[in-house]
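K.L.:
Input: one structure, supplied below.
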């Protein structure tokens, strides 16, 4: 590989000029899709929370304001990551990884807080809380790219040692997240590991072994009853939501009713009756797609899916055009993460996936998730800026 | 980039695209193809139907005093459907509920199980989808405990409901006449159009007996219906549809609480009195009827009960007390459902029949101590001989042998044991014209017909019993013979006779009928009607309890007029003669003792005692009367089953009722000027609903 690396080190008198010039080299389609998703998300957050907050006698736009603030911080973080030479990240990644693991450990101590059955949060105070598992996703992607992105000479893919090291390093945070328990994020980890291993060129038997191991593990978990009852309930409710309409199946059923009743064009933004009556719990976060489904209808829902699709297409394009394997893997990891998370999130509201606590990327309300998504967005842009020159 | 990486990226492209396509497809299915279904579900999801119960009408006496009214109560109900969804089938909920309500889990479990074959009361006879009321006297504190801790009491609700209450004005219970409410059964729903189950306990009750049953459609009103918009917490956010309930009409009856109370008290006294004299006195009835209209002023039945035990479910103990034979089956109205041999009170019909058959109204007849009907001697009451007398005197002293003679001679004229093709049977015919053997048509359910035995009945009865009789005639009664040989011999002789010629209308049958004995059975209501006909100049009235249905605001819905009945085929002069005879009974006849000291000048009472001998039982005591003699207004009947003679037990009860009606003997008059109110009582806005 003999890729020409554009010099963005920042030496010389025309540093700022050159940086401005590089702005033009950003993937603007990706930018537009992410901005569009954020705008839609902002409207949906308002739709989901306005009436509830009003009923509770709180500032009806409290969530809206916080979400906008989160987006601003998120875009700033993304921009920062964009302008950094992503290869410099290699130096910091071990620190990021260590911090994420410490965060995940803290979460499990009494310092952590339980929200919605998941012990996933560190409450910082002043109404802010941190969800280390979101940042762990970023750490994982970059760390795996580091390990898998430097095959030994003459090798097409990572060797056995690299693969095992990667699995071990992914396993630590995954285990900590599983202890919270947060099944959704663990599954995201699995999707990221699998996708990155595959693209890194790892041998097929590794991939087959991983898939087989996952199936075995799933079976063992089921067989030995390692799942919490509420998780099991969510799974059975996913299969038959009417089995317990007031309990675990409630979310699933209400989500389907909200989306299904939206029809082709929806009931109009801010005019959702199910949404206004707050029938779907956690609607501004994990179930935000139901607001779109009800108020914007099939058209609105399809637009969101298409926008997400555009973002992933651009992400995969970036992976293909990356200057080096490290860049390719970073972009691949980000796409796997966003793709799996989007599919799981929308799929659960449509009743084709079990319910887990995952937000919809770029759309859902949530500080840590927004920050992590925007950092991932920044990573894609960073890889893009330093792409191979033949396009 | 190596080719493997490149190829796998392409696979990833395809995979991501596939996932997104799956989402799009699913979205299309749900929103476009199934959109209509989900919109319907969403509408159901967001609205809740609330049934606003209609207040059931109250039942009032002739002066507007409530006999049944509504009391607001905090009722705790249990929803079986929710309970059955619990992991432990609701055992935990019922256990906690039992603690709060201060009862036992067992009691609650029994109250909430469904009735069915092999399941004894208490059990729930209504729809399984209806909340089951388990307690209607919950104090608000406890109800609040339940409502505040809904998570501990899923399926349990506490709500304010109207519950039937029986205020007993002037001591008037009239339990059998009023009837009671019970949850609607599926059969009743199928039978009656327009009856809807609302799913709201306390609404889905139906009158099961008495006036509550007959006038259910008038009383129940129409429940209102409200469709409200709710949010996910069930909080009401608006109203989509609102239909106000139509309250049930109030039923004004002709019953007078004062007279009713007095009748019940008189019966009670008569029963106690009879028991003190060693009689069993197991049941009793009293009727006060307006002889001109047939409206019932009082109808008392003994034993009686408190109908309020029906509300809020009924316990095993209470149910046993109600239906148990030991307790005398107080649900049965002895007035309209009890059948007893009428004894000599029946003679008004027999006199009319004899005169119609050609016997001289003003003739003189011999009243020997006994009279031979065929080969068998039929004796007067206590075998007393009275010499020659008029028919008037025959009624006054209650001579039986004169009637035996009439009946026997008529029987002979009809061909005796070889009857003519069309025997005239004057006594049977007249009894039928007096309304015996058929229902009076009173506006109460379950009325019985009584029985006038005739040739046809004899034959069908014989067909039904000859097998047993012929066996008895052949084998005798060895079981009875062990303890009572003479009785066994008697039974065998009777069986032999019944077996051989039981189908025949024998002389003895005719003789027994003439004095209201043997197989004759009448209801007190039938007898009251017969005496009303004698008193009013020959019109057979149709008795009525209800007078009118009135809206809660006092406006009239409809008046309930008794239909016109047939006329007696009796010359008014004969009826006048009979009235004269009956008037003598209280002055110098069999009831003179019972009426001694009674101000007959003020309230001239005419009447007839009856002492019906019942084989194997104590005598039935009767007194049938009307007053005032010259301008008859009321027929008053009293009957005490196994109560001794008519003169000793029933007549004093009737006297007590008259005293209460007219305010004699220092009593407060129940009736103003000796009459019932001519018009309907003036009713205000919220008649009889307790605060």
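Numbers run from 1 along the shown chain.
Cβ coordinates come from backbone N, Cα and C, glycine included.
TrEMBL annotations: computationally assigned, not manually curated.
Take a look at what TrEMBL says about it:
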type	residues	note
TRANSMEM	A:28-48	transmembrane segment
TRANSMEM	A:68-88	transmembrane segment
TRANSMEM	A:95-115	transmembrane segment
TRANSMEM	A:185-202	transmembrane segment
TRANSMEM	A:207-227	transmembrane segment
TRANSMEM	A:296-313	transmembrane segment
TRANSMEM	A:325-343	transmembrane segment
TRANSMEM	A:363-383	transmembrane segment
K.L.:
Mind checking which residues of the chain, 6+ beyond the ends of the transmembrane segment (A:325-343), have their Cβ under 8 Å from one of its Cβ atoms?
P.N.:
86-87, 90, 137, 140-142, 144-146, 148-151, 184, 187-188, 191-192, 194-196, 199-200, 308, 311-312, 315-316, 318-319, 353, 358-361, 373, 376, 379-380, 383, 386-387
K.L.:
How about long-range neighbours of the transmembrane segment (A:363-383): same chain, 6 or more residues beyond its ends, C-beta under 8 Å?
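P.N.:
Answer is 26-27, 30-31, 34, 37-38, 40-41, 44-45, 48-49, 63, 66-67, 70-71, 73-75, 77-86, 128-132, 134-135, 137-138, 141-142, 284-286, 288-289, 292, 304, 314-315, 318-319, 322-323, 327-328, 330-331, 334, 337-338, 345.
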K.L.:
Which sequence-distant residues neighbour the transmembrane segment (A:28-48)? Criterion: at least 6 residues beyond either end, Cβ under 8 Å.
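P.N.:
Same-chain residues near the transmembrane segment (A:28-48) but 6 or more away: 61, 63-64, 67-68, 71, 269-270, 272, 275, 283-284, 288, 291-292, 295, 300, 303-304, 307-308, 310-311, 314-315, 318, 360-365, 377, 380-381, 384.
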K.L.:
Other than its close neighbours in sequence, what residues sit by the transmembrane segment (A:296-313), given a CB gap under 8 Å and a spacing of at least six beyond its ends?
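P.N.:
29-30, 33-34, 36-37, 40, 259, 262-267, 269, 289, 335, 338-339, 342, 346, 360-363.
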